[in-house]
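*Asks:* Found this in TrEMBL, in case it helps:
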DOMAIN    147-230  domain 'Immunoglobulin'
DOMAIN    241-330  domain 'Immunoglobulin'
SIGNAL    1-22  signal peptide
TRANSMEM  349-376  transmembrane segment
Amino acid sequence: MISKFTAMTFCCMAMAIIFVLGTQGEISITSEPEKITKHSLFTLTCYIGKLTDEVRWICKGITRFSCASPYSAGLCLINTKGLLQNYSSPTYDINTTAGLSTVDIYMDDNDLGGLWTCQHGSDSSTYNVSYVDFDRRASITSFTSSPSSSNINVGTTITFTCTVSSTTLLPVNVSISSEKREGNLTYVINSSSRTFTVSTVAQCIDYRFYCRAYNGYGTVASTTLYKHVKCPVKLLHDKTNTTVNATVGSSGVFYAYYSGYPGSSYTWYRRLSDDEVEMSSYRTNWSLNYGCRYIRLQIVNVRLQDAGQYSVHINASGKVFIVRFKLNVNPVPISNSVTEEQLSDIQPFISAAGFGIGIAVGVIITLLVQGVVLLVSRILKSRDDKDKGVKPKRL
């Protein structure tokens, strides 16, 4: 008769066996990236779980890699037979902690596409590597606009046309956008077309327009069109910092922000007393940034005499806009404190100097005392001689 304990033991063992058998054969393979082009690198990852048996990578029936426990360096076999040596060979790896194996493959003329198998003991999983030629990835042949001029007036309707290459593998995702606007002017996904068009009204913030295309292979293709939109020029006082602080030897930089276009004619001035003097290029650099809409002045190697008032005059559509700046120049901070390390360095010199001074003072005092004693002795002797009637000798 079977006891309850024995029955429970058999039951637990049976469940464990069922669990083990149920988890075997569930290894899987993924590819990164999923879509592959020729002359590109991709990685196959085989998710195994607990590594206990030999791991094999098999390409179209040929074992290219095999490795058994302890999966140590130098003990695994790599088969490059039949592969062209002037091309990259696959790179294999086994991660026992993560329970997986990877192979990095460069899709070149070795033609490593086709069926790949990852085998762990009696378990295996397959992945069919399918690739396209490099030129089948998304590319853009043209990005044009009507009107075609790069200078347009605000409020003008612009029509953009973006054309993808005839070799681009379809379907394709295409977007047309303006750098300064939120979102896209148009965005089409999984399209079988090769020409994409959108119209929009030019705004003052417009400058760069983009067309981007992607079909899942390689990288996103992108091209740019530039448009200078003529708008009334306005100074952006809330964005412009008119007081600049600099330290002697550093750089002082002024930014005059504005909106609108054109605003390319400008002149920098230095105020001296009641006059403004046009500045030269001595220790100065100035520039205009169309994209960010600012005019910039940099004073290099700042001196104390550079402190004062500056201004920029912006000429636009017959109007002159003036932005005034103030430059404060601070001297280089000087530290009066002496560090312990510096003190320890100069201490021997201080001690030596003190010792020398002490000796000198001692010698001087000794000589003075001897002189005084000698003088007193001679005076006393002279008095004694007078008392005895003896004439003193001339010194």
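The backbone N, Cα and C atoms fix where each Cβ goes, and this holds for glycine too.
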*Asks:* When DSSP states are grouped into helix, strand and coil, how many residues of the domain 'Immunoglobulin' (147-230) land in each?
*Replies:* 0 helix, 47 strand, 37 coil
*Asks:* When secondary structure is assigned with DSSP, how many helix, strand and coil residues does the domain 'Immunoglobulin' (241-330) contain?
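*Replies:* The domain 'Immunoglobulin' (241-330) comes out at 3 helix, 60 strand, 27 coil.
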